[in-house]
Amino acid sequence: MSRPSTPLLDKAPTPDRLRALPEQDLPQLAEELRTELIDAVSTTGGHLGAGLGVVELTVALHHVFNTPYDRIIWDVGHQAYPHKILTGRRDRIRTLRQAGGLSGFTKRAESEYDPFGAAHSSTSISAGLGMAVASELSGEKRNVIAVIGDGSMSAGMAYEAMNNAGALDARLIVILNDNDMSIAPPTGAMSAYLARLVSGRTYRSVREAAKQVAQKLPKFLQDKARKSEEYARAFFTGGTLFEELGFYYVGPIDGHNLDHLLPVLKNVRDTQKGPVLIHVVTQKGKGYAPAEAAADKYHGVNKFDVITGKQAKPPANAPSYTKIFGTSLIEEARHDDKIVAVTAAMPTGTGLDLFGEAFPKRVFDVGIAEQHAVTFAAGLASEGYKPFCAIYSTFLQRGYDQVVHDVSIQNLPVRFPIDRAGLVGADGPTHAGSFDTGFLAALPGFVVMAASDEAELRHMVRTAAEYDEGPISFRYPRGDGVGVDLPERGSVLEIGKGRIVREGTKVALLSFGTRLQECLAAAEELGAAGLSTTVADARFAKPLDHDLIRRLVREHEVLVMVEEGAVGGFSSHVLQFLATDGLLDRGLKVRALMLPDIYQDHGKPDAMYAEAGLDRTGIVRTVFAALHRDELGHEALPTPFRA
């Protein structure tokens, strides 16, 4: 299928060329950019809806501002695909989220037009404020623009940054991309006129002059004059909250109308003094009918047919871990009316949408607010409820102080289902679930589990529901299960007890998590090479199964720990126990396999695990090396001494 014709876009591969185009050509350029975006994402998959919603805004920003000298920071980065196309990366846009290709988010190492990396929400205003202050300290006059969605404004960090920006009176532009119309809709021509008026040099100059006059009046009259101006402007334009935080508010304006966007951006660029917030209203999926009709389904997409909008979906061999968690929690909630669920703006991603359908009054979506989610769950637990606070591994990092201070120190029985544990593939290092085992197992009294398959996950949901002695977590990966038989309801596991899955005599593989299947495959290969191999499923990183570990040490020559986490996790706890228990004093050969001490770039999960040595081949190679055998399993001959 041939690619769409884009004559204007072909002339503007970089922002300097874009700025050379006359303004009357920009609407056509925007349409060509939208067409190119749809065509590209149809072949790669990725985040579509958000990018379609900011096409005109992206064109306007790069036309008005002198990028890359002026800084544009895209919050989260889902909406940055049009930005990538316009900033010299169009020739690689069809490598999005593929190994060796473009990142799905902004990335400093990728382009000078990406001044700050993103993927987690609500960081843009803080980063932008730092850049704005650095610019002032350096005597620069650059503009710094942070583009943040209304969803990201539910996180406290955004308001912390705005409060600080207002106090510093910094030269910072924040563009609020309101694509859910959750704050206020634009009201047509009058709204556009007012936005252009209040953002302009004349209005703001008169306003400043009036302030100077007011300073000569008694203080109570100064206050009345200031409040009168603010109230009058707020009445017509909204934005009182942002004014109270110290921002000059402009909007709301139609984010798809370049005739409205361009003059406002120019006014703010030319007259900016102190922080300014421009409220832009957009539509997710704008310009592509299937995405406009179902914005939630086109936020993140698989490859799809451009004509029909139908997404390609590979057949599943088993239910996903996320679905198993959701259905298992529903089953437990039927037996226990104290079970409730908490999510931080990810009900579908965590499987709690299913729970919400079954128990709508027992699920709580708190928005993008992981810190609040954790402490909210702690409050529920303190009153005798059984909260399951379901958060992706990478996002739980955002609420770690609350996990420590509000949950762990008080020993409150909050349950933490940790989705997206391990490598997540196309979303790369910003979304990898690498660190949760290490940072949770470091906490006294915290029970830390990992499911090796979907049946084990069902058992762990039941175990967590029954456990009231303190906080407990269980981790599981993205994607489909391995296809094991599922019990109708999980069983309660004995805390701190693992299991032997395969018996052997010479080599022991101790797995924590879903690398168990690779361990079993490696055991087959090792057995064929004459190395009888035991495979154990640890189940718990804390408390460790000391009896199981002692048995593996006593009965085997080699012990290999295998996990889908970073340095400092399960293997570190096992090694510490081996050392303190004197189990390393007997000539045991011990090896630890975990994620490498780097941030792995995006790619396909299987290839990434192979790169990390966490597949069958890597495990076998590690055992052979420990026993000084070559790749065929033969004992390596000693190197002859040469004088």
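Heads up, the Cβ atoms here are built off N, Cα and C, so glycines get one too.
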Name the one residue among Glu357, Glu370, Glu383 that Swiss-Prot lists for the same thiamine diphosphate site as His78, Ala119, His120, Ser121, Gly151, Ser152, Asn179, Tyr288.
Glu370
Between Asn179 (thiamine diphosphate binding site) and Asp150 (Mg(2+) binding site), the C-alpha gap once rounded to whole angstrom:
7
Largest inter-residue Cα distance among His78, Ala119, His120, Ser121, Gly151, Ser152, Asn179, Tyr288, Glu370 [record-listed thiamine diphosphate binders, Å]:
33
Most Cβ neighbours inside 10 Å, all chains, among the binding-site residues His78, His120, Glu370:
Glu370
Only counting partners 6 or more residues apart, tell me which same-chain residues put their Cβ under 8 Å from the Cβ of Gly151 (thiamine diphosphate binding site).
Ser121, Asp180, Ala345, Gly367, Ile368
